[in-house]
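A.B. asks: Feature list, courtesy of TrEMBL:
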| type | residues | note |
| --- | --- | --- |
| DOMAIN | 69-181 | domain '3-dehydroquinate synthase N-terminal' |
| BINDING | 73-78, 107-111, 131-132, Lys144, Lys153, 171-174 | NAD(+) binding site |
| DOMAIN | 183-326 | domain '3-dehydroquinate synthase C-terminal' |
| BINDING | Glu186, His249, His266 | Zn(2+) binding site |
Amino acid sequence: MKPLTLTVDAPSHQYPIFIESSLQDALMRQLAQYSSKKAAIVTNHTIAPLYLEQVQAACKAAGVDAFSIILPDGEEYKTWESLNLIFDGLLTNHAERSTTLIALGGGVIGDMVGFAAATYQRGAPFIQIPTTLLSQVDSSVGGKTAINHPLGKNMIGAFYQPQAVFIGLDTLKTLPEREFAAGMAEVIKYALLGDAEFLNTLEQNISAIQAQEQDILAQVIFHCCKMKANIVAQDEKEHGVRAYLNLGHTFGHAIETEMGYGVWLHGEAVAAGMVLACHLSEHLGHINAEDTARVIRLLEQAQLPTQAPDFDLDTWIAHMQHDKKVINGEMRFVVLERLGKAAMAKGITAEILANVIPHV
Ligand code: NAD
Ligand code: MG
């Protein structure tokens with residue numbers, strides 16, 4: 001495939017996303033231009049044996065003096081303690097404010113390293129090398145960085161944009177199938193919230209995408225990054241349209257929290273949550289049952305769950321009231337005006353939800 005480049009025009013900063021079959025080729029060609037002469041590669045124990053060597057080799061070839069910091073793997077390590085391990089590594093290796101932090105990994109690493117970069121000596125440059133489908137289409141674009149607090153996910157963070165994002169499609173080959181599917185939930189989300197034509201493309205090419213055929217996969221990732229970048233350019237700090245990216249997420253977060261983190265992957269919960277958002281949209285008279293069936297079909301083809309678990313209604317509502325989209329106590333939901341166009345629904349009552357959500 002031909003390498004693709006996209007420019008993200010966030011109001012605070014402009015930077016490129018490079019999408020290529022081979023991560024190493026992309027880095028060899030362009031790393032020198034985007035990294036300082038000194039860099040810290042931050043990754044985890046799962047990814048280091050797979051990709052650290054090639055990133056180190058690319059740094060060497062680019063004349064970048066790099067050291068590595070390897071963290072434990074898992075959402076449960078997206079914490080203050082891990083952040084401190086990054087700072088320990090930076091300080092021990094005499095990293096300066098100009099040292100580039102290179103995040104090599106999925107969304108957990110990307111979010112944490114981005115936040116470390118935002119705060120190390122009041123702001124060091126950083127580069128993202130996202131290695132999960134979810135991080136390639138979602139978390140590496142848009143500049144949200146964070147760690148979790150014991151009382152809430154992503155509660156401590158900053159908006160901070162990278163110098164560049166390097167996406168190598170070859171890194172997805174080692175990704176567990178379930179993680180690939182979870183990323184597909186976010187891919188399908190973009191189509192539903194903003195692009196009916198893209199929905200057709202996904203439906204027509206779903207087998208090729210699942211088989212990771214390079215051309216279509218690259219196009220899909222490019223398109224998702226572009227949609228997110230456009231939304232972020234309009235609304236960097238989530239005062240308006242950026243909230244549409246939360247389609248399926250209010251329901252999804254309730255599923256994730258109630259089941260216990262890690263039981264359902266985020267993307268899986270979002271998939272079932274998007275089906276509920278479709279039912280809610282049907283209830284509001286926007287879309288019809290055939291539209292919902294179409295969404296379910298595509299999610300199933302992407303190996304995603306479409307049926308939310310049965311909790312009691314109070315449990316659902318208690319979780320959803322904790323959502324960051326609750327403003328002045330009012331529950332708001334991203335719904336679909338039609339397939340390919342999201343809208344915000346306010347004033348959704350418990351009675352309406354009782355008709356939409358599976359509950360005991
Ligand atoms: P993750 O980073 O935990 O990665 C999933 C698993 O796959 C991990 O075990 C990881 O080590 C492993 N892995 C990663 N790349 C691999 C590869 N190429 N081969 C084999 N294994 C690999 O999870 P994720 O889904 O990438 O990201 C989830 C995180 O992203 C959450 O913490 C979420 O809050 C965050 N997020 C942030 C944003 C944002 O805008 N900043 C958006 C969405 C999600
Ligand atoms: Mg998400």
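Think of each number as a place in line: the chain as shown, counted from 1.
Cβ atoms are placed via backbone N, Cα and C, with glycine included.
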A.B. asks: Using Cα coordinates, what distance in whole Å links Thr132 (NAD(+) binding site) and His249 (Zn(2+) binding site)?
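C.D. replies: Spelling it out, the Cα of Thr132 (NAD(+) binding site) and the Cα of His249 (Zn(2+) binding site) are 19 Å apart.
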A.B. asks: Please list, in sequence order, those binding-site residues from Glu76, Gly110, Thr132, Glu186, His249 with the Cβ less than 6 Å from ligand 1.
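C.D. replies: Result: Thr132.
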A.B. asks: Neighbour count, 10 Å Cβ-Cβ cut-off, for Thr132 (NAD(+) binding site): what number do you get?
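C.D. replies: Counting Cβ neighbours of Thr132 (NAD(+) binding site) within 10 Å gives 26.
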A.B. asks: Hey, how far is His266 (Zn(2+) binding site) from Thr174 (NAD(+) binding site), Cα to Cα, in Å?
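C.D. replies: Per the Cα atoms, His266 (Zn(2+) binding site) and Thr174 (NAD(+) binding site) stand 19 Å apart.
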A.B. asks: To which of the binding-site residues Thr171, Thr174 does the lowest count of other Cβ atoms within 10 Å belong?
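C.D. replies: Across Thr171, Thr174, these binding-site residues, the one with fewest Cβ atoms within 10 Å is Thr174.
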A.B. asks: Centre the Cβ atoms of Glu186, His249, His266, go out 8 Å, and tell me which other residues of that chain have a Cβ in range of the Zn(2+) site.
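C.D. replies: These residues sit around the Zn(2+) site: Leu134, Asp138, Ala182, Ala185, Lys189, Gly248, Gly252, Gly267, Ala269, Val270, Gly273.
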A.B. asks: Per DSSP, what is the helix/strand/coil residue tally across the domain '3-dehydroquinate synthase C-terminal' (183-326)?
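C.D. replies: The composition, in the requested order, is 105 helix, 3 strand, 36 coil.
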A.B. asks: Using DSSP reduced to three states, classify Thr174 (NAD(+) binding site) as helix, strand or coil.
C.D. replies: helix
A.B. asks: Here the binding-site residues are Gly107, Gly110; which one has the lowest number of other Cβ atoms no more than 10 Å from its Cβ?
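C.D. replies: It is Gly107 that, of the binding-site residues Gly107, Gly110, has the fewest other Cβ atoms within 10 Å.
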A.B. asks: I'd like to confirm something. Which of the binding-site residues, Asp73, Glu76, Thr171, Thr174, has a Cα closest to the Cα of His249 (Zn(2+) binding site)?
C.D. replies: Glu76
A.B. asks: Within 10 Å of each Cβ, count the other Cβ atoms and name the one among the binding-site residues Asp73, Glu76, Glu186 with the highest count.
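C.D. replies: Most Cβ neighbours within 10 Å: Glu186.
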A.B. asks: Tally of helix, strand and coil residues over the domain '3-dehydroquinate synthase N-terminal' (69-181) according to DSSP?
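C.D. replies: Its residues divide into 50 helix, 33 strand, 30 coil.
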